[in-house]
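S.K.: In case it helps, TrEMBL gives these features for our protein:
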type   : residues  : note
DOMAIN : A:1-126   : domain 'DNA polymerase III beta sliding clamp N-terminal'
DOMAIN : A:136-250 : domain 'DNA polymerase III beta sliding clamp central'
DOMAIN : A:253-375 : domain 'DNA polymerase III beta sliding clamp C-terminal'
């Protein structure tokens with residue numbers, strides 16, 4: 001195996017693959033990156049057995065030569081040290097040559113010799129049998145992830161809740177995450193839906209890594225769902241994730257459909273007020289703030305920490321409708337939900353101080369955030 | 001006590017004072033910041049008993065009104081929560097009022113009520129009896145710190161080595177740090193020297209914090225040295241540090257004056273080559289690289305890690321003079337020393353493979369870096 005490659009391309013591809021590689025894996029071969037070069041280009045693969053990422057660098061793109069292949073072949077290199085080496089190479093021209101597992105990496109007057117492993121030792125890629133297939137723009141995929149994944153459970157007591165539920169519902173794709181204290185839901189109407197309905201749970205961690213790799217543009221990401229795996233395909237990257245096994249709870253009946261109080265307010269203003277009010281609450285480690293709407297269009301957010309002090313924030317709402325209300329909730333959950341709706345004007349619908357309440361953008365019904373209150377009043 | 005203040009000024013002053021405040025202090029009152037306001041302005045004080053920082057914000061500066069004092073007074077507030085509050089206040093206009101230790105902080109529609117402590121409980125400031133006094137430009141002070149402080153010992157086995165030795169030597173000020181494996185020395189000829197010679201050891205940690213506060217300009221910093229304290233005075237900040245007790249070892253005889261091999265090379269080129277060569281050495285956790293000059297103006301830096309691989313770097317030197325040389329040393333020490341000399345052309349003077357060697361800038365004799373080699377060849 002011998003080829004010349006432009007360092008910047010190699011580095012970019014490596015950075016993507018590295019997101020799947022962990023130093024804490026049962027199989028030590030997975031601390032390595034697999035490199036395959038042939039006349040079409042270089043494919044690099046990294047995996048922690050839950051997530052597998054393959055990136056492809058073509059020999060030529062847009063008329064620019066990126067790789068000159070002298071001899072095809074493959075090798076596994078220690079990913080951490082290899083990526084640090086590539087990052088620090090002195091010139092943009094890199095030659096990589098393998099002789100008997102000895103890998104020579106040469107750039108300018110630097111020459112590295114790494115001991116590689118036989119690529120036959122690398123696990124075979126998951127076989128994703130093409131059961132359901134559809135596609136979404138890359139930037140929309142990123143939004144969906146950002147609006148839901150924060151609400152997955154961080155605890156392994158109910159493993160199914162550590163994933164995001166993706167399910168078809170007639171012409172819609174519905175994505176839901178909940179840790180049983182709050183819930184985030186995003187609905188999408190894809191241009192092309194899979195032919196038959198499906199319901200899968202994708203690990204939150206996989207989606208977070210996928211989000212780092214996807215670019216913020218409208219390029220198409222193809223989604224292929226099989227029995228135990230999902231594959232996200234973008235131009236030069238294949239991202240495989242295992243799916244979580246088990247039944248996701250039915251969350252639809254949690255969502256109230258009748259409201260007693262509705263507050264319309266600017267999301268950013270509310271976020272900043274909650275952030276300040278929670279400064280004292282955080283010191284107390286419970287992080288609970290109180291919210292009240294008692295006449296007029298002014299709402300109050302407050303918190304009280306007996307040892308440190310208290311805070312009151314008044315916020316001019318756009319509109320307050322319905323019964324007077326006093327309610328307490330986690331400042332963190334509220335801030336997460338408001339960040340997901342990202343500064344838009346929002347409507348908060350309450351059904352009483354001890355009932356879950358929901359947040360929606362006033363511009364669209366696509367995002368719904370639900371939070372369970374806390375008893376303090 | 002009641003005053004109005006511009007948030008940005010308050011925040012800047014607080015940020016400086018916070019550098020002295022630690023949550024890990026024996027005396028809980030020191031987790032607070034002391035605020036004193038009078039008709040001249042606001043003074044804030046923070047201390048961890050080793051370092052004490054006072055910042056002063058004047059009522060008016062350059063014709064701009066910064067503070068409106070309604071009633072003088074003083075209070076101690078929990079520093080961490082107070083500074084977070086100030087950072088997040090919604091407007092630039094802040095009113096602070098103290099009634100019976102209850103401190104009201106009001107800005108826009110946010111109102112905080114913090115429980116303060118009586119300012120009488122705050123320890124009195126160190127009394128720095130004016131024994132030696134001189135001054136240096138702020139940017140020069142920053143350079144001196146940067147060029148020496150990294151070489152102090154991180155271990156408490158010889159506490160005196162955790163400080164930087166500042167000593168007068170006729171018309172010069174000599175600053176030396178060593179951890180007994182390497183040494184950094186900076187000489188300065190101040191415009192104004194103290195009237196009598198002195199020798200003090202300033203804790204490395206104090207100098208690191210001072211460096212964060214000093215601005216990178218030519219404003220004068222006055223240095224007042226007393227028995228157990230040093231005081232650095234800039235326009236609106238007083239920075240007190242205790243001095244280390246004990247005798248600093250005589251380091252001058254460590255520095256060789258005769259050389260067998262001299263290599264002149266660009267510092268930045270060498271730094272990058274050592275950085276790359278150490279990538280493999282670091283994985284082995286010894287972090288030793290080999291350096292050889294054996295004929296011609298090309299030097300080689302290499303390292304070898306039996307399990308991972310090896311690396312060779314060739315560097316075009318400006319000049320190589322004297323005996324052939326093979327030597328090994330800590331890549332970290334070499335990189336620290338080269339960073340201190342900051343990319344200039346440098347001369348490295350060797351006296352044999354097992355003797356300390358020194359690095360100097362080719363432009364100036366003011367900085368000297370010394371490193372002890374390691375036996376490997």
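Cβ atoms here come from the backbone N, Cα and C positions, even for glycine.
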S.K.: Give the residue counts of the domain 'DNA polymerase III beta sliding clamp N-terminal' (A:1-126) per reduced DSSP state, in the order helix, strand, coil.
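M.R.: Breakdown, helix to coil: 29 helix, 62 strand, 35 coil.
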S.K.: If you run through the domain 'DNA polymerase III beta sliding clamp central' (A:136-250) with DSSP, how many residues end up as helix, strand and coil?
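M.R.: Summed by class, the stretch gives 28 helix, 46 strand, 41 coil.
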S.K.: For the domain 'DNA polymerase III beta sliding clamp C-terminal' (A:253-375), what does DSSP give as the number of helix, strand and coil residues?
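M.R.: Per DSSP, the residues of the domain 'DNA polymerase III beta sliding clamp C-terminal' (A:253-375) fall into 30 helix, 55 strand, 38 coil.
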